[in-house]
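Straight from TrEMBL, the features:
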| type | residues | note |
| --- | --- | --- |
| BINDING | Y323, K332, Y333, E394, D423, M424 | S-adenosyl-L-methionine binding site |
| COMPBIAS | 567-584 | compositional bias 'Low complexity' |
| COMPBIAS | 598-615 | compositional bias 'Polar residues' |
| COMPBIAS | 748-760 | compositional bias 'Basic and acidic residues' |
| DOMAIN | 2-288 | domain 'PRMT5 TIM barrel' |
| DOMAIN | 296-512 | domain 'PRMT5 arginine-N-methyltransferase' |
| DOMAIN | 515-787 | domain 'PRMT5 oligomerisation' |
| REGION | 560-615 | region 'Disordered' |
| REGION | 722-769 | region 'Disordered' |
| SITE | F326 | site 'Critical for specifying symmetric addition of methyl groups' |
Amino acid sequence: MVPSLTPVDTDLIPDESMSHTVATTSSWTDLCSSDPLVADVSKQVLMLEIAYAAFCGVSYVLIPGPRLYCQTMKQVGLMQYARAIQEALVIGTYMQIKIWFPMIGHPENEIPRMGDLTPFARSEYIGNSPEEDTVLDLYGTWDAWNAIRSFCKYHTRLCVALRLPKHLPPVDIQARWYSEPVKLLTIDSTSFTKNPKGYPVLSKPHQTLINRYMRLRLPPWILLCNVGPISSTDDSYPKSDPTTGLAASLTLPGTIASFPTLAEAAQEPCQRNDNATPHLSYLRNLQRKQPPQSQLEKFGSGYQDYLQAPLQPLTVNLESITYEVFEKDPVKYDWYEKAIARALHDWIEQGKPTSNPDGRVVVAVVGAGRGPLVTRALQASDDVGVEIDMWALEKNPNAFVLLQHHNANPEKWANRVKLVKSDMRTWRGPWRKRESGPRERIEQALVPELPTSSVSTDPLAQEAPSGPVEVEYCGIDILISELLGSFADNELSPECLDGVQHLLNPTHGISIPASYTAHLTPIAAPKLYADINSQAHSNPNAAETPYVVMLHAIDYLSTTASPPPADSSHSTSSSQQQPSSSPAIQKAWSFAHPNHQLPDSQPTVNPTSSPNTLHPVTAITNSHNTRHTTLTFPIPHRGTIHGLAGYFEAVLYGNVELSTNPLSMDQKSEGMISWFPIYFPLKTPIYAPSASELVVNMWRQTDDRKVWYEWIVEVLASIPTPSAEPEPISPPPVSGHGQGKGKKGKGKEKEGKKEREKDGTQTTRLMRTKKIRIAMSELHSSVKEACLM
């Protein structure tokens, strides 16, 4: 039994500084020892130290990580370590425990520990184990951390303190650690080098890595190790000679020896360093010189890895602040205006007939919101010089009031827009009173307008007249919408545009956007998993809800090799920082508008009513908008899958495109901020070994009232299996007459084959690879959080 702590064992006492103090536990213990006595003593010491730190009010405790290269380090030892950490979390109720890991484990990186208990392990428990594998396992340290935090069920107070080596590992390893909850970066003095002026500096790869961590919403602390004590201001004075008590280099003032030579004076500024904390000063200078934030980083500050439920635009009226956030996008509306201008230019250039008899191109914005697309359409019309008949449709009564103000404002729209307050799926389209006398028109009907309380009495609301009035409805030439969600179709853009497609010019009608595709890739996102797991008690559907997230602290588990840079003359250190791989992001499905697969929805006659009663839309199902995909992703390096990241690409018109796909966003719509990715979580993380495959099945489901997603993932591994038939080993070719190819030679060959088969010593079995399923998630369904139609 280890006795309780005494003042000799610790200097900690409770005071106001404890909440900002990082305490460290004893480094000489060995929680992973295969000797039960050493492991038990180590655990007792740790529990005593944690209990006293909790008593003092310490908020942060640093615990040395397991020894990955000790011969006693077996899997059972790692589980002993994890069990001790779990108990420490129970004792330190309000304490954040940081496990101190090197970025990669290597015997040379092990720090000597005074009074180490490891050598005291008894020989009968160590055994005669074979020599350690000399191949460096780059993911070994991360694997140990993954086992510990999985044992502790992703406890929110368990995190990582990461020790940066002098030479950073490949970018793939850095990305893996970046996705983990790293709360402390430790930098040893050996990681610094001297610049020409003698000051300590870090290499460019180190600077890049630290700057990346500093851009996190909650960046880690930085702890400098072994950089020496802070020197006093008197250190620059000459030291005294212990034998005489006089300064060793002291000379009398005024003598020649007291003045430096010219050569010494020239070198003195380089040699003199009065900074008492040069390493700390360097890091502060590095912090001040961080690259400026991009537009997306500025916009998303505070949203990093923050879970948001997708919008329900068809059932919930958005607030003005929500519209305002989307309108801040510096790219999206410029691209929409460019697409509208090109569509108008092509319409006139190609001589297409318009739906309006007066020759104007009929343009309708469905779901106008606060009107940014209407403004861009009017601007595109002015720039191209093509007159348009502008219609704006909005169902949100609050936003509709603002649209009316815009239309009445002579400096905004100046009554150039016809406003309609309606759901686009029940709208009968642009209309005008029928004039006397025959004339050409696109569409004509006698439709009794149903009385409704939603019709505005404002003269600016261009609703069709109430009551039986003879009107003619014309089609829409260019239909504009911004109904895309983070996964393209997750906010029911297909369903909404299907409901208004019957109004589109059947021959030349243009939809902006014209098409969009959804994309997927598996990711490691331990922070998101921990956040969702913590909501399980209050929200049982948390693990089956697709979330809109600004993904930041994640790692792409499926990657493909990137082509080498064109210029290969760079240094070795910089080449290690070149991305060695890029994420494998695959297309799930797509939608196109107008949808030529849409069932006919033209007005029909109801046989149970009067023969002259017309109904604008036929009752059709939404089954044509269901989708299913099966995608296979390579997993080059082992890792844990926590969910799927979803992106989209959209074609507005021609070559004007939008993209949130990391592989194409810089080429198609760099700087766009309107959409964050979507995240499909897994209830239970799935471990995938190296060189395995992840198979994703996803469905888009509907019951004509709502739309939801279902997904399931499987991990496949290839194993060697012998073939069913034995294959003979061909003998080496024989020189001379033995190589004859006649019938006689073939007969001898058959005889030899029979003899080999009889002997059995000259046959072997070909090894083939077979894929087996080694892990599978349960079927996830967001039906309880579905998007309502």
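Backbone N, Cα and C define each Cβ position, glycine as well.
Keep in mind the model is a prediction, meaning the values are calculated, not measured.
Across the binding-site residues listed here (E394, D423), the residue whose Cβ sits among the most other Cβ atoms within 10 Å is E394.
Around Y333 (S-adenosyl-L-methionine binding site), the C-beta neighbours below 8 angstroms that are at least 6 residues distant in the chain are E327, P372, L373, R376. A C-beta separation below 8 Å, combined with a sequence spacing of at least six in one chain, links K332 (S-adenosyl-L-methionine binding site) to F326, E482, L658, S669, M672, S674. Mean predicted confidence for the domain 'PRMT5 TIM barrel' (2-288): the pLDDT average there is 80. Of all residue pairs in Y323, K332, Y333, E394, D423, M424, the annotated binders of S-adenosyl-L-methionine, the farthest apart have Cα atoms separated by 24 Å. Y333 (S-adenosyl-L-methionine binding site) carries a helical DSSP state (H, G or I).
Sequence-distant neighbours of Y323 (S-adenosyl-L-methionine binding site) (same chain, 6+ residues apart, CB-CB distance under 8 A): G369, R370, A399. Figure note: comparing Cβ neighbours within 10 Å for the recorded positions F326, M424, the maximum is reached by M424.
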